[in-house]
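Trainee: Here's a structure for you.
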């Protein structure tokens, strides 16, 4: 969804050879090919290759049939935010109260006692700060507390048999990159080596164990068991409806989207409502969380007003056929998932604009352009020269101008002094020879590079300062296993969610099709296996995060992690970006329309 499509590239290879690539560069980007990035060599011992002649698809038909595109749902939001009114005096008052309450909350975190019980309470309090969406105010204090706490981990867990406490401590330490051992959960098993049924009566403990289980790494069987055990029991509780309403909502939200995968502010909106209904909630902490959230909401609404005005000025609807997805607000929601904090306003707005460019280019290639037009557009973007537009049809000139102007805006705003360029040319050359369809594993490697991290995550770093961006790009260029696993997982989720749409448009360049052809299995069995493969990649991602924490600054690693959450959010219940009903609409409403009540 964020790039010139691999589908079109592969369709065009036999006709156009190596000119087809995945560029992302303007004069502000240094010219770097993907071939300059270390590539894993494909094994000389391939699985069985599937050889076939290239067959024309809808994108390769004549001009008339190629223009038979499916009209997608219009934006539900239109110019809604253009008329939004934000009271600046209210924002100033909220900012002042945040600054007044912040030291008091900080004292609750950093109280002087260094006893084991106090340290334990501090870790539990960190979970509250994260869940309520205010942890970014106290990152230094949190890191200090966790570093001190992890040194005392054995003392803290000794004799501790409260499921909630153990699970929350595990979640917090793992989330911040501290590799707390899973052995701590053995105390909740009986003589039969299974989790004791008695713990099912501790509903909050069960939810916390469920959340902790999603931070499992490879070969952590006890957490696999915990996930199965808690999922089964929580689903039963949700069906029975016997708990209090706010507990039931917490269970259902967790089953729908575990906290580990959820966007920080989406989870915070839900958790604030949950925490308010807890009898033992801290009134001052709750007020701080609410004031902070409303302040963020007003900032976001201001930015959406600016973005909506910008989008209206582009007037793409009058310049292009209605083949593309009008998803400005959804693009901004994605940006919120990467950068929600007030200080990242410029990066957030720029990222939202860039997301609209990627969406338009992707739809142009996937849904409307024919092979020769796409090839011409790719060449033009590769050269990044407005003079080359003469070779483009009129509608593609509009697409190129929009991309050019948007990147120029970001450059002029000072958000893109340095960047990366990616080109799939080298990776695709092996596929060009002899009409050979790549093996499933080869497709996953190159497909993952193309559609997810190695382009989109580079743009996700744009909100960081220049020195941090340079460090982030250097890390990304090393092709870390964490990003590689995220990319493969995203490729699988994208292809699983988009399979029916791909087939309806005649595109068979899809992980499901490659797997079925290579391994001679049914579509149903393929879906089952690939879904398991995606789950297994979860554990690899978690493991690599723990390995990477000490070598990569948290502000860089967090953007990559949050990008993975964005992918999870988009595809967990289908291709919701294309059809943004349900959760997309609900979350946009809760974040940008319904202001939190103080």
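Positions of Cβ are set from backbone N, Cα and C atoms, glycine also.
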Trainee: Tell me which of 362-366, 367-371, 372-376 corresponds to the motif 'DDXXD motif' entry in Swiss-Prot.
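Mentor: Going through 362-366, 367-371, 372-376 one by one, Swiss-Prot gives motif 'DDXXD motif' for 362-366.
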Trainee: Provide, as an integer number of angstrom, the distance between the C-alpha atoms of residue 362 (Mg(2+) 2 binding site) and residue 494 (Mg(2+) 3 binding site).
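Mentor: Rounded to a whole number, the Cα-Cα distance is 14 Å.
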Trainee: Most Cβ neighbours within 10 Å: which of the binding-site residues 362, 366, 502 is it?
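Mentor: Sorting the candidates by Cβ neighbours within 10 Å, the top entry is 366.
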Trainee: Between residue 494 (Mg(2+) 3 binding site) and residue 366 (Mg(2+) 2 binding site), what C-alpha distance do you get in Å?
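Mentor: Cα-Cα, rounded: 14 Å.
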Trainee: Please report the Cα separation of residue 366 (Mg(2+) 2 binding site) and residue 502 (Mg(2+) 3 binding site) in Å, rounded to an integer.
Mentor: 9
Trainee: I'd like the Cβ neighbour count for residue 494 (Mg(2+) 3 binding site), meaning other Cβ atoms within 10 Å of its Cβ, all protein chains included.
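Mentor: That number is 23.
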